[in-house]
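Undergrad: Below are the structure tokens for one structure; questions will follow.
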Amino acid sequence: MDVTIQHPWFKRPLGPFYPSRLFDQFFGEGLFEYDLLPFLSSTISPYYRQSLFRTVLDSGVSEVRSDRDKFVIFLDVKHFSPEDLTVKVQEDFVEIHGKHNERQDDHGYISREFHRRYRLPSNVDQSALSCSVSADGMLTFSGPKVQSGLDAGHSERAIPVSREEKPSSAPSS
């Protein structure tokens, strides 16, 4: 008897990227055939399903860069205006919160909310932190690093979010 060996992830129609599209930030923006018939599309072949990986990478993914001179966070917030965003620094953490109230769109009513928390390196100068949102919806949070012998200062404070008119220079994944 021949048995095909498959990784269990490919056998499950409820894998990590499937059908989570029903519950992600694109909820209410239209459905694909495989959203409605997950078991039918997975029984034909798991390899014929359209990949949602690209969609997942393009939606709400953050990138953290920490080099010798600077600490930077890039976060896709294209569904939020700067007024909908709150950025706070508490001790060694930066908290980014976005929420907009329920509003009507082409498919009904929709509301979105997210909360991200990142640990700041101990040598980031917290008095020189900045945050901005580019025209294409990319939030950039950055701060310079200080020499290890200097005190970076730790307290709670809000960071204002400014709007930039040009698109982000962050690399796309």
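Yeah, the Cβs are placed from backbone N, Cα and C, and that goes for glycine too.
Summarising the annotation, Swiss-Prot assigns Zn(2+) 2 binding site to HIS107 and lists similarity to another entry as the type of evidence. What Swiss-Prot records for 153-167 is compositional bias 'Basic and acidic residues'. Under the heading domain 'sHSP', Swiss-Prot lists 52-162, citing sequence analysis as support. Sequence annotations record features per position, and here Swiss-Prot assigns N-acetylmethionine to MET1 based on similarity to another entry. Sequence annotations record features per position, and here Swiss-Prot assigns deamidated glutamine to GLN6, GLN50, GLN90, GLN147. Swiss-Prot lists SER45, SER122 with the feature phosphoserine. If you look up Swiss-Prot, you'll see LYS70, LYS99 marked as N6-acetyllysine. For ASN101, ASN123, the entry in Swiss-Prot reads deamidated asparagine, with the evidence type similarity to another entry. The region 'Required for complex formation with BFSP1 and BFSP2' annotation in Swiss-Prot covers 1-63. The feature region 'Disordered' is assigned by Swiss-Prot to 144-173.
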Undergrad: With DSSP as the yardstick, break the compositional bias 'Basic and acidic residues' (153-167) down into helix, strand and coil residue counts.
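TA: Result for the compositional bias 'Basic and acidic residues' (153-167), in helix, strand, coil order: 0 helix, 6 strand, 9 coil.
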Undergrad: Using Cβ atoms only, which residues of the same chain lie under 8 Å from GLN90 (deamidated glutamine) while being at least 6 residues apart in sequence?
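TA: Residues satisfying the criterion: GLU156.
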Undergrad: Using C-alpha atoms, which one of the modified residues LYS99, ASN101, GLN147 comes nearest to SER122 (phosphoserine)?
TA: GLN147
Undergrad: Looking at the recorded positions LYS99, ASN101, HIS107, which ones sit with their CA no more than 10 Å from the CA of ASN123 (deamidated asparagine)?
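TA: Cα filter at 10 Å returns nothing.
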Undergrad: Let's check the environment of HIS107 (Zn(2+) 2 binding site): how many other CB atoms sit within 10 Å of its CB?
TA: 11
Undergrad: Within 10 Å of the Cβ of SER122 (phosphoserine), how many other Cβ atoms can you find? Include all protein chains, please.
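TA: The answer is 11.
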Undergrad: If you count other Cβ atoms within 10 Å of each one's Cβ, which of the modified residues ASN101, ASN123, GLN147 has the most?
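TA: Counting Cβ neighbours within 10 Å, the top one is ASN123.
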Undergrad: When you measure from the Cβ of LYS99 (N6-acetyllysine), how many other Cβ atoms are you left with inside 10 Å?
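TA: By my count, 13.
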Undergrad: Just how many other Cβ atoms lie inside 10 Å of the Cβ on LYS70 (N6-acetyllysine)?
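TA: Excluding its own Cβ, the number within 10 Å is 12.
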Undergrad: Measuring Cα to Cα, how many Å separate GLN147 (deamidated glutamine) from ASN101 (deamidated asparagine)?
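TA: That separation, Cα to Cα, works out to 43 Å.
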Undergrad: Sort the recorded positions LYS99, ASN101, HIS107 by C-alpha distance from LYS70 (N6-acetyllysine) and give me just the closest.
TA: LYS99
